[in-house]
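**Student:** Here you go, one structure.
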Amino acid sequence: NFTRSITKVSNAPIHRLSTNIIPSHYRLYIDASQLEELIFQGTLDIDIQIKEITDEIILNSVNLNITQIGFQDNNFTSIILNGSVKFNQEYEQAIIKFHQPLNPGNGRLYLSFNGKINDQLNGFYRTQSGDSLGACTQFEPGYARQAFPCFDEPSFKANFTITIRSHKNLTTLSNMPVKSKSNGENDTYVYEFETTPIMSTYLVAYVIGYYDYIETRDINNVLIRVYTSIGKQNQGSFALKTAAKILPFYADYFGIKYPLSKLDMVAVSDFGSGAMENWGLVTYRETYLLVNGHTSPQKTKQDVSLVVAHELAHQWFGNLVTMQWWNDLWLNEDNFASWIEFLAVDYVYPEFDIWTQFVSDTLATCMVPDALHNSHPIEMSIEKPTEIDEIFDEITYGKG
């Protein structure tokens, strides 16, 4: 019997995941057919590479009930668990111990789990538009672990193949286009989406609900859609037109084509942030995407165009090229996206004279909190998961 622990001591801080286990591909199935009960079930296969012999796998998981665990090595040998999964609540980690050592090489981790659709505007949460119930994800910075067990750090990039079961009368979206749609039980569809490029867990997204949409294609034939609550689709026309001009501008400016075949922009009725750059499925607070052509002032159009430009810049800088850890968030947000949004808007709408507003809207805004005693450097040490949210402030977004 194998009784002695052989877990290799990692040089990583205790709050960080070990780099001894590297994920390469997630196959994620989410059953959201019980949306009315605010619960979901899921299964997950993760292809991993083990660098050095170990008897445990540690990944992130919060508020999830993990019901089944299995592991198969590259010889298709199943490895038996040593007891049940244990959780480190402070560091939001699930610790899976095995009876036998896991040898270096490739393997596959199998998990079944369930959880609750929450009302906290992060993780996998419910949305409400009138009497219509829906659900949406917000995984940045560390909330993917609330929706499925994962290696929830930006440096652990992998491919994702996502499948979602939901009711037939609901629109169901994810990062990639739908690959196939089949009939499920109890008046549901099962949507399988195309596999993503390698990306961080915080960029995974799915949206379920009642939506109308309008669409166009940019000059590079990328399909762009704006999704809105029922009856509001015409208010998405300005954002759609803006995105169709900015997306090819960035492709030309960076010298790199937009990596996906579609871009969806969704106005979410309940959304905590201004917007979120999920790759291929950008989510927005309604006020930062919708423009009423009859009543909205010019300032609203400027604000919407800047937010759209900011999130589309992230499709390259942040999504394609990503920081290793959250202490470099300032590079992701301010040093690039918060600057180039002005460049893009000036190109598309020179009549806005947007650069003259840069000093008052960005430079002066970030100098006020930076003058306070509780100001902080733009690069901060992060020791616990709870500290990640604290760096999303005006200094991080504006000072760089």
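Numbering starts at 1 and runs along the chain as displayed.
Placement of Cβ uses the backbone N, Cα and C atoms for every residue, glycine included.
The following feature annotations were taken from TrEMBL:
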| type | residues | note |
| --- | --- | --- |
| DOMAIN | 23-203 | domain 'Aminopeptidase N-like N-terminal' |
| DOMAIN | 238-400 | domain 'Peptidase M1 membrane alanine aminopeptidase' |
| BINDING | H310, H314, E333 | Zn(2+) binding site |
| ACT_SITE | E311 | active site, proton acceptor |
| SITE | Y397 | site 'Transition state stabilizer' |
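Looking at the shown structure, what environment does each listed feature sit in?
**Tutor:** DSSP assigns H310 (Zn(2+) binding site) to a helix in the three-state reduction. Taking Cβ-Cβ distances under 8 Å and a sequence gap of 6 or more within the same chain, the neighbours of H310 (Zn(2+) binding site) are A275, A337, S338, E341.
Cβ-based neighbour count (10 Å, all protein chains) for E311 (active site, proton acceptor) stands at 26.
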**Student:** On the 0 to 100 scale, where does the mean pLDDT of the domain 'Aminopeptidase N-like N-terminal' (23-203) fall?
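**Tutor:** The answer is 95, the mean pLDDT of the model over that range.
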**Student:** Within 10 angstroms of the C-beta of H314 (Zn(2+) binding site), what count of other C-beta atoms is obtained when all protein chains are considered?
**Tutor:** 24
